[in-house]
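The following features are taken from TrEMBL:
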DOMAIN    68-295  domain 'UCH catalytic'
SITE      Q155  site 'Transition state stabilizer'
ACT_SITE  C161  active site, nucleophile
ACT_SITE  H235  active site, proton donor
SITE      D250  site 'Important for enzyme activity'
Amino acid sequence: MEGQRWLPLEANPEVTNQVSENKEEFIKNDKERLTVFPIEVQFTCKNKCFFYKPRDGEMWTVVILSSGKSFLGEPDCEMTNTVHFLKQLGLHPNWQFVDVYGMDPELLSMVPRPVCAVLLLFPITEKYEVFRTEEEEKIKSQGQDVTSSVYFMKQTISNACGTIGLIHAIANNKDKMHFESGSTLKKFLEESASMSPEERARYLENYDAIRVTHETSAHEGQTEAPNIDEKVDLHFIALVHVDGHLYELDGRKPFPINHGETSDETLLEDAIEVCKKFMERDPDELRFNAIALSAA
């Protein structure tokens with residue numbers, strides 16, 4: 001996969017506030033930045049959302065908020081950065097990326113509808129790599145149905161998974177999007193429409209307008225961007241609805257993954273079920289984050 005190497009759109013998120021086994025002690029120590037909800041899905045959040053599973057199995061949820069913000073406050077810097085990135089590429093803000101705060105129906109109801117894509121950020125671990133290899137071998141052996149309408153591209157540029165996730169999300173919903181005149185992203189999608197996944201990857205490598213916008217956004221994030229040669233062990237994938245089916249689009253994989261039937265109305269819930277499986281494969285990991293592309 002090694003070819004070009006771009007700066008990551010954001011530095012590795014860190015879970016800096018570990019949840020104490022004593023809920024009361026944790027709330028007391030962090031009371032100025034905590035809101036507690038009696039919901040049966042666990043996560044912690046520091047500017048970004050991280051799903052959390054308590055060690056003692058107690059069913060409670062804590063949200064760690066940045067100082068001075070309420071639970072439903074302003075978008076954090078990372079999210080604003082994504083909006084700015086898409087605006088620079090010429091996408092009209094009639095759709096926006098919003099945080100998915102948890103997998104419980106009550107929390108999913110906070111996400112504006114309709115939703116046309118979900119991006120999942122997850123850690124690349126040894127367990128995941130074993131699963132990825134087994135999944136690929138199984139699909140190659142048994143086959144799967146993938147409609148030709150799916151726009152899919154490979155990832156040949158290191159640290160570009162965030163940008164490729166965004167491209168996958170927009171490209172497979174192009175008919176819903178409004179592009180500004182002279183949009184860089186629209187031009188790229190039109191010019192690459194008839195290309196193979198591998199050709200699209202090579203085309204992106206030399207598409208300076210998107211590369212420059214990507215790197216500008218990487219430098220504008222709230223955290224210091226890693227060195228361009230630094231290994232980043234977190235990865236973005238896109239989950240989209242195309243022709244009645246839910247597809248996982250990951251440029252590290254050789255093909256889209258068909259996760260079964262879905263609809264515009266159930267896409268968010270169906271995509272979250274896929275996200276749950278990622279989390280179940282790595283139960284000791286906290287570094288999961290989901291955002292949804294929703295109508296503004």
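Just so you know, glycine gets a Cβ as well, placed from its N, Cα and C.
Within 10 Å of Q155 (site 'Transition state stabilizer'), counting C-alpha to C-alpha distances, fall the following of the recorded positions C161, H235, D250: C161, D250. The Cβ of the residue listed as 'active site, nucleophile' lies under 8 Å from the Cβ of Q155, H235, F236, I237, G251, R252, each on the same chain and at least six residues away in sequence. Taking Cβ-Cβ distances under 8 Å and a sequence separation of 6 or more, the neighbours of D250 (site 'Important for enzyme activity') in its chain are Q155, H235, I237, A238, I257.
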